[in-house]
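Trainee: Annotations per TrEMBL:
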type	residues	note
TRANSMEM	23-46	transmembrane segment
DOMAIN	39-287	domain 'G-protein coupled receptors family 1 profile'
TRANSMEM	58-76	transmembrane segment
TRANSMEM	96-118	transmembrane segment
TRANSMEM	139-160	transmembrane segment
TRANSMEM	190-215	transmembrane segment
TRANSMEM	236-257	transmembrane segment
TRANSMEM	269-289	transmembrane segment
Amino acid sequence: MDEELNVTHLTLDWYTEVNKYRYVFFFIMFILYSLIICTNSIILYLIWIHKNLHEPMYIFIAALLLNSVLYSTTVYPKLLIDFLSEKQVTTYSACLFQFFMFYTLVCSEFLLLAAMAYDRYVAICKPLEYQTIMRKTTVSIFLVVAWLVPACHVAVLAIASAEAKLCDSNIKGIFCNNAVYTLQCERSRLITIFGVVALVDLSILPMLFIVFTYTKLFIVSHRSCKEIRKKAAETCLPHLLVLISYSAFFVYDVSIARVKSDFPKTTRIIMTLQIMLYQPLLNPFIYGLKMKEISKHLNKLLSQQISSYLSMFLC
């Protein structure tokens with residue numbers, strides 16, 4: 001059995017792999033983080049200012065984009081600081097706080113996608129009842145549940161981890177994700193059991209609900225007229241693209257801690273970066289280009305900006 005340590009600070013052991021090119025990585029990560037903030041914020045701004053986008057579907061999209069900005073912000077600033085630091089260290093309490101924020105926001109994404117799936121189901125399969133079912137109160141409840149339920153689940157895991165005995169002070173990763181479990185001398189039964197419960201409640205059940213809902217939706221739309229089939233494809237395809245890409249990286253993140261395998265550090269770094277890179281960048285492009293109403297307002301905004309810059313240049 002490993003010897004228990006009195007750990008006050010943790011070391012992120014990814015640094016040795018990127019030390020030579022840390023300024024290059026800093027520049028790349030800074031540009032990517034800036035892109036994430038800008039692209040998501042533009043779509044959020046469009047939804048905020050245009051009243052015709054104040055509908056449940058667009059409100060859920062706005063919540064999803066806000067979620068992407070928040071969970072990127074739980075990782076990128078610390079990562080950028082680490083690239084410029086001689087030593088990549090953090091306290092265990094700060095690490096658990098990052099763990100709590102990251103997984104609360106990551107898991108809320110599944111619940112937001114489930115709410116979006118339900119909204120599309122009601123809109124296409126029960127159009128006459130849509131206004132009655134998807135009221136402002138209903139949307140507000142969905143949003144509160146999407147953020148509150150994951151927070152309660154992940155809080156239990158974070159608190160239990162805070163009480164755990166540590167036998168290692170090196171985190172095998174670039175930030176405090178599931179890798180915090182590898183620091184513990186022995187994973188408690190509470191963490192193991194509740195981790196499975198959280199996995200089922202916050203990812204597997206919402207995913208099954210989404211698959212069932214869209215299957216039902218496509219069956220109904222296939223039997224309907226061409227206009228309804230077109231509407232289903234236009235509004236549901238972006239959600240499915242987001243779900244598929246998000247699920248693939250989530251499975252990796254969960255398995256990397258559950259399966260004790262000797263992945264090369266470089267492989268871990270690349271795969272972990274994809275989890276926090278692709279999704280926040282994909283969301284605004286998918287919804288900005290695929291959602292007709294958002295795309296229309298986006299094109300108008302870009303046209304106005306280009307015209308403004310051209311007039312300034314010509315003057």
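Using the three backbone atoms N, Cα and C, a Cβ is placed for every residue, glycine included.
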Trainee: Please work out which recorded stretch in 23-46, 58-76, 139-160 has the most C-beta pairs separated by under 8 angstroms from the transmembrane segment (96-118)?
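Mentor: Against the transmembrane segment (96-118), the leading stretch is 139-160.
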Trainee: Where else in the chain does the transmembrane segment (139-160) make close Cβ contacts, counting only residues six or more beyond its ends and a cut-off under 8 Å?
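Mentor: Residues 56, 59-60, 63, 96-97, 99-100, 103-108, 111-112, 115, 118, 188, 190-191, 194-195, 197-198, 201-202 contact the transmembrane segment (139-160) from elsewhere in the chain.
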